[in-house]
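Trainee: TrEMBL lists these features:
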COMPBIAS  1-15  compositional bias 'Low complexity'
COMPBIAS  129-138  compositional bias 'Basic and acidic residues'
REGION    1-90  region 'Disordered'
REGION    111-138  region 'Disordered'
TRANSMEM  150-175  transmembrane segment
TRANSMEM  206-232  transmembrane segment
TRANSMEM  268-288  transmembrane segment
TRANSMEM  473-498  transmembrane segment
TRANSMEM  518-542  transmembrane segment
TRANSMEM  549-573  transmembrane segment
TRANSMEM  611-630  transmembrane segment
TRANSMEM  642-663  transmembrane segment
TRANSMEM  742-761  transmembrane segment
TRANSMEM  809-826  transmembrane segment
TRANSMEM  833-853  transmembrane segment
TRANSMEM  908-928  transmembrane segment
Amino acid sequence: FPHNMTDPTTDPSSPATEAKQNLQENAVKVQEAEEIAEDSNSANNNNDEDDLLVNVSEKTTDNVAPAVTEDDNEKSSASSTPVPDSVKDDLASDKSLQDIELKEQPLSNVVSKDRLLTSDGDASDAESNDGHLKLPGEDKVTEPGKLLPIISFAMSAVCALLFLVAFVFFVLIIAKTPGLKGTVADQTPRGDERINFPIIDFAVPIEAVVCAIASGFLALTFMLVLAGRVLLQPVGIKEKNGAKMYLISQQIAVGARSFLIVEGVVLSVFVVIVFCLLLIIYGILYAFDKTAERGIVVPTPVCFLAGAITSAATAVIGMTIATRSNVRTAHAARVGGLEHALHVAFDGGTVMGMSVVGLGLSVLGIFYLIFRDVKALSGFGFGASSIALFARVGGGIFTKAADVGADLVGKVEAGIPEDDPRNPAVIADNVGDNVGDVAGMGSDLFESYVGSVIAAATLGSEMFQARGVALPFYLAAGGILCSIVGTFFVSTGVARFIPFPRADPNSKNLQTRLLWAIRKGIMVAAGLNILVAGGIIFGVFYDEIHPTAWCLYACYVLGLVSGVLIGFCTELFTADVYPPVKMIARSGITGSATVVIKGLSVGMMSSAPPVIIVGAAILGCMYLGDYAGSRNSVIEAAFGKAGVYGISIAAVGMLSTLGVTLATDAYGPVADNAGGLAEMAGLPEEVRQKTDALDSLGNTTAATGKGFAIGSAVLTALALMNAFTRASGIGNATIDLLEQRVIFGLLIGALLPFIFAALTMDAVNKCAMDVIKEVRRQFRTIEGLMEFKAHADHAKCVAICTRASLREMIIPGTIAVVVPVVIGFAGRQQMLAGMLAGSISSGFLLAVTMSNAGGAWDNAKKLVEAKGVYDPDNDVTYKKNSECHKATVVGDTVGDPFKDVSGPSLNVLIKLMSIVSLVIAPFLKAIYS
């Protein structure tokens, strides 16, 4: 079934088709019974309608009789007609109806609750005890094998061995050399004193890079252990409706895997073309400009290839485990309680977080050791940015097109609940949660993570030489250790190893307990990171405790605290417990127009706090870095102020706890899918209450995660822009804002985020129209779909979303890569610098506005559904399915592409344009300087 999601009854050779024919014959017999009953009623001058109900005996736990409502009993209590003996004999002669008992009940139940088809082609009752259609293969499902967990644990052992090797190597280096001190280290632009080993001879701060590689392998070891642990969790096949839930989860996994495969084929063509172009262009540069560095001709294209592959690998790993964690989370909520379900879902998200930091830092460090030139690492960032852009845009278009199509046709037009298996787009919607919010977000933050380290190392190599390169690697390594510790404190109790007091699922403050369970892990990681970073910075700059170490330490803490504050500010404008969301929900009383207007107002107003926080961090880092640089006469004379290095260290600080921060964000789609599976499989209501609580928490963490991603993107892009100005030959030269080229660049840069957002919004619109047409077609043409008699063709909607999203992401991606190249070569470095500044400023504001407005609209709808909105003028409380609720649904539908496509994609846009500018900087320097 997971490999063929089409309706088995469409195959004329299948047993299901034969059973369908039997179904039609039985329907004819029932119709004859109805006619005889009506004739009898007419003979007795009885005007009341008497019908017939076919009740299936409870032969199995999955096949019970459909309930008869009180209204039906009242209507039929006046009179009833006995079933004629001839009809009884005809029905009893059919082998497929041997267990059917005839009772005197209304025939309307027969019409709406007819018989269905099971996997083996036998006819059974129209619906299982949960009211849902039985899936093909449901009776033959077995528990997943143990091969994947065994492979995961085996790979974790390999990574642990690599970690031990790297750690021993690090200890030997520390024992052999006194560290990063001496006049040569302070004056050599490309690194530390040479460290001679029998095999290796490097001119780089090798101990810092080896430490980073060891820390990366430790993160990968932890990630693989968690992956194996998640895969060992039972899926509940033997439980009631457990097989159905597992099969639906397999549909989601197959859809997500299909999207990644098709996207990978498309992106592989792009990566190969760019790789060849970089080889040719860098070769031409070195051939015609002998002053160019030969060491970046081959390394930069190779690093580009490595960055693209590594970014894609993190997306695949994260989404593979996420699509397997959802069913295990739902089963954990069923048998293990809320705390166990929280741990399973968070472990699934932690795999994504640890794969990003582990692969990112280890692969980056390995390639730095291979090529021994920090300038070549810009290619690694370019590769990561390229994959991130297409994954973010393509995944966002997929998920929101499916979401809009499923909501508008399913919930609004057809009137069926959310996550109803009859909705043809429901599987595509759940697939989109993974490709957009797991793979897309992971690639986005992977780009920010490696980009911040690359920018800091590039700037530090010129300003502080070996120490400047070593510091970001050390800080990133320390952040991984703190993030691993922080994950153990994500619990409603004190910690995982102190699991009491547990949260009560029926408690009124449940959401607060769950939210603080997540916050606690982040705060523990951040607090430890502040202490560890202090030791690292004072250790690297041990002979310059005052003022260099103190200033850089303050920059790091500023970046770390700024990330936490941005998350809190985002929560203030998007959580339903605060006034902004409540005001949007209240606006629904007067219609959808006021909901949209108020949501836009809240989104625009929400841009103020992040701008102030990031602006204050930038100014503080500039002053601190300048003061630190002014105390070093070599740095002051050769490179001017060192404030830009302070900004890059702040970016590293903001992303230092990414391992646990990204885990809280990737946890959301896992919990959302778990709730959808529980609904589609018909699990008990108490299970839905637990998964709904986890889903609501996921909505909050997703909103704060987007704010964190935006803030980190701005600091990373700003650090990369500063690295570009130095690599392109501008250096400390002042950029004249009155110069025509700079003004033109500023205007073009400010325009690009709006063009990009418009293109992605239009892409969602086009794709959603295709999905809506397909869903309407299936509701119209698939007979018995709404009566639980037939399966929806979910694979068709998945295929439509895949094709449309990949087609529509080409133009936005091309703009992000081509425009900086055209502006740079046509308008020189000054115009390109102006363009980067304009795009960062407008992109930052627009991203915050769109992301927070979309999140506020979403939670306003959920507030009306959960608690309702009180109208004091009319003394009415508007709840689900009211006009107020419908108005907030419109706002939520408008906000979906805001918060999940255009807003987050702008992060990647400003970073990608900055890293492309850094890659072409040597050419601009050779041509115009």
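The backbone N, Cα and C atoms fix where each Cβ goes, glycine too.
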Trainee: For the transmembrane segment (642-663) against the transmembrane segment (742-761), do we get 3 or more Cβ-Cβ pairs below 8 Å once near-sequence pairs (under 6 apart) are dropped?
Mentor: no
Trainee: Against which stretches of its own chain does the transmembrane segment (473-498) lie, if we need a Cβ under 8 Å and a gap of at least six residues from its ends?
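Mentor: Contacts of the transmembrane segment (473-498) (Cβ under 8 Å, skipping residues fewer than 6 from its ends): 205, 208-209, 211-212, 214-216, 218-219, 222, 338-339, 342-343, 346, 350, 353-354, 357-358, 361, 365, 449, 453, 457, 513-514, 517-518, 520-522, 524-526, 528-529, 532-533, 536-537, 540, 556, 649, 652-653, 655-661, 663-664.
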Trainee: Flag the pair the transmembrane segment (206-232) / the transmembrane segment (268-288) as in contact if three or more Cβ pairs fall under 8 Å (sequence separation 6 or more).
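Mentor: When sequence-distant Cβ pairs are counted, the transmembrane segment (268-288) does not touch the transmembrane segment (206-232), since fewer than 3 lie under 8 Å.
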Trainee: Give the nonlocal contacts of the transmembrane segment (833-853) in its own chain as ranges (CB under 8 Å, at least six residues past its ends).
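Mentor: For the transmembrane segment (833-853), the far contacts come to 570, 573-574, 599-600, 602-604, 606-607, 610-611, 614, 703, 706-707, 710, 713-714, 717-718, 721, 724-725, 730, 735, 741-754, 757, 819-820, 823, 895, 898-899, 902-904, 906-907, 909-910, 913-914, 917.
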Trainee: Six or more residues out from either end of the transmembrane segment (150-175), which same-chain residues have a Cβ under 8 Å from its Cβ atoms?
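Mentor: Distal contacts: 195, 206-207, 210-211, 213-214, 217-218, 220-221, 223-225, 227-228, 231.
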